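Structure record follows, encoded as structure tokens.
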């Protein structure tokens with residue numbers, strides 16, 4: 001339904017605008033009710049967690065605690081007097097740590113629902129999504145009364161979505177220890193699946209609606225023409241494309257409603273239209289991250305608990321606080337400053353691109369300039385990943401590590417980059433002219449670079465320092481640092497230059513306005529997310545791969 005409803009609303013002219021807004025209200029309100037239920041359950045469950053002998057530690061209580069078959073999750077909040085008493089028995093704790101090291105490592109992986117950097121990214125994208133929903137809410141007050149477009153659901157749905165995003169963002173960012181579910185597991189599984197469906201429905205709805213709005217910015221219903229915006233100098237699309245597009249639109253205007261009758265207009269509407277290319281990818285990326293994290297939560301609830309009863313308490317005195325971070329910048333300076341140089345040159349190239357493409361006589365020069373920049377960037381990062389693979393091959397490799405959440409998100413985001421580059425290669429191949437060869441080569445270089453970088457990240461994330469020489473030399477850390485900053489540069493290119501269909505006139509004229517706009521809106525948010533998540537994975541590699549420590553820490 002999350003796919004069918006918005007598509008039917010756009011395709012059919014017999015369905016009035018915003019006819020299915022009630023369905024999204026059900027999704028948002030149902031998810032918020034479940035989240036409030038979860039918060040209430042956690043708050044009511046907290047007073048039962050501390051042991052009753054916390055204030056008066058006695059010898060009998062200590063013996064009872066060490067022999068008990070259950071372990072409190074709040075053992076880190078015991079008084080100092082208890083810790084001093086327990087510390088008098090170090091010989092009992094150290095053998096327990098050694099015997100359960102493997103199981104503790106496995107359990108620690110199960111408890112993690114996304115890394116700290118990934119959850120920070122979810123917060124950043126959630127803020128962008130809330131701004132997008134807030135602008136849509138403000139747009140309602142500019143609509144004329146007593147018209148088909150003046151529907152109270154157009155204000156209620158964005159406001160409810162904004163509240164849902166905020167509550168879910170807090171839920172995602174909670175500490176892992178706070179979101180353990182011990183009761184009402186069936187209801188928790190149902191609620192998490194409902195939230196996953198809500199995030200996917202938001203993804204498809206925003207994607208379809210933004211595609212429609214961008215197409216309508218080019219379509220003039222009065223004279224039935226398609227016009228490229230000011231970036232290409234108000235240039236009309238050639239006649240064959242115009243006639244085909246005219247026939248496609250005409251076949252869709254037979255019903256009592258028009259797809260352009262509720263177009264964005266006035267002050268807030270124009271602001272939403274100008275900001276949407278930068279804000280709607282935030283909604284898609286936020287929904288993708290939340291759906292993936294919620295799915296991992298759902299799997300952890302469905303999996304039976306098999307934790308050793310004494311492990312958490314015995315490991316606690318030797319375990320580092322999860323909020324304590326140490327940063328060693330050795331072996332990263334060259335890669336950092338070369339990456340900064342690449343980032344500065346990329347920003348200069350983007351500024352030149354936007355200045356040149358706004359003038360009709362310099363459109364071809366703008367396309368050539370930005371393609372040279374992209375080709376240089378892809379070639380440099382491809383060479384860096386190959387060098388990095390060679391440098392880290394002698395480090396210890398964990399062959400038993402399963403496919404993690406970060407790996408799934410990385411490969412999922414890569415599909416968007418592959419999709420965009422493949423369509424560009426096809427368009428460049430069948431439009432073999434002098435000005436399309438560079439576009440074709442750049443798209444091929446993007447395919448190669450993305451594949452090499454994904455393989456490098458998947459390999460390096462499973463490696464760690466095995467000797468003191470690895471800790472001292474830190475092989476491959478310069479490359480990891482360079483790739484981290486370079487992906488920020490490629491993220492800027494995807495966000496600012498590739499996010500709009502009109503920025504690529506060659507592909508636009510080959511596929512047509514409708515097809516290329518759909519291709520861009522489907523693939524580019526995933527490609528933007530791929531660059532962001534690559535930086536997340538590279539940060540994890542940069543931080544963890546060059547330390548020798550037990551797996552459970």
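Heads up, residue numbers simply count up from 1 along the chain you see.
Cβ coordinates come from backbone N, Cα and C, glycine included.
For the ranges 257-277, 278-298, the feature annotated in TrEMBL as transmembrane segment maps to 278-298.
Beyond the transmembrane segment (437-458), the same-chain residues lying 6 or more positions past its ends with a Cβ under 8 Å from any Cβ of the stretch are 367-368, 371-372, 374-375, 378-379, 381-382, 385-386, 388-389, 407, 410-411, 414, 417-418, 421-422, 424-425, 427-429, 483, 506-507, 530, 534, 537-538, 541. Counting only same-chain residues 6+ beyond the ends of the transmembrane segment (278-298), those with a CB under 8 A from a CB of the stretch are 113-114, 118-119, 121-122, 124-129, 131-133, 135, 165, 168, 172, 179, 189, 192-193, 195-196, 199-200, 202-203, 206-207, 210, 405, 408-409, 412-413, 495-496, 499, 524-526, 528-529, 532.
In summary, the transmembrane segment (479-496) does not lie against the transmembrane segment (186-208): fewer than three C-beta pairs, each 6 or more positions apart in sequence, are under 8 Å. Below 8 A, the CB atoms of the transmembrane segment (336-357) and the transmembrane segment (363-387) form 3+ pairs separated by six or more positions in the chain. Counting residues 6+ beyond its ends, the transmembrane segment (363-387) has Cβ neighbours under 8 Å at 232-233, 235, 342, 345-346, 349-350, 352-353, 356-357, 435, 438-439, 441-442, 445-446, 448-449, 452-453, 455-456, 479, 482-483, 486-487, 489-490, 493, 497, 504-506 in the same chain.
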